[in-house]
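Engineer: Heads up, here are the entries from Swiss-Prot:
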DISULFID  46-87  disulfide bond
DOMAIN    37-94  domain 'Ig-like'
CARBOHYD  66  N-linked glycosylation site
MOD_RES   145  phosphoserine
MOD_RES   148  phosphoserine
TOPO_DOM  23-116  topological domain 'Extracellular'
TRANSMEM  117-137  transmembrane segment
């Protein structure tokens, strides 16, 4: 049993190493992404040295035929420039690069100011909540007079009524539709 586990582990290690070696032997990535521009635009840069470079998006040409620029502006990142991009020269084609922007319309940037604002607002709200509980719990309730404790509200005879015997009314029997036996 132990030999099988060892053999399976050895097979897994060898297959992972082969995948790593195969990945390093591939052509280097020639397309670079610059998404940290001040205006919010996304810029692709091709590492080919050819004079004419064609840009491909999802396999179709998106650049003019005689384009000589090695950069391609995808536009604003708010327009969601998704797709698989490649640059193609006369002799060589780059590896495909998949661009995907996760658009978050309701996100906030977490920095020290935002976090401290959240903490400050939380402390203030807890303070006001505790103050409200203290003021409400600290109030004296309306005290009833002791005279009502000494009065008998109902006479003893009025508390209970005996069941009517030998009548077949709705409440003269205990279960379901069974009538009381005589």
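From the backbone N, Cα and C atoms, a Cβ is placed for every residue, glycine too.
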Engineer: Using DSSP, break the domain 'Ig-like' (37-94) down into helix, strand and coil residues and give each count.
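Structural biologist: Counts, helix then strand then coil: 3 helix, 25 strand, 30 coil.
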Engineer: Which of 46, 87 has the fewest nearby Cβ atoms, counting only those within 10 Å, among these disulfide-bonded residues?
Structural biologist: 46
Engineer: Between 0 and 100, where does the mean pLDDT of the domain 'Ig-like' (37-94) sit?
Structural biologist: 77
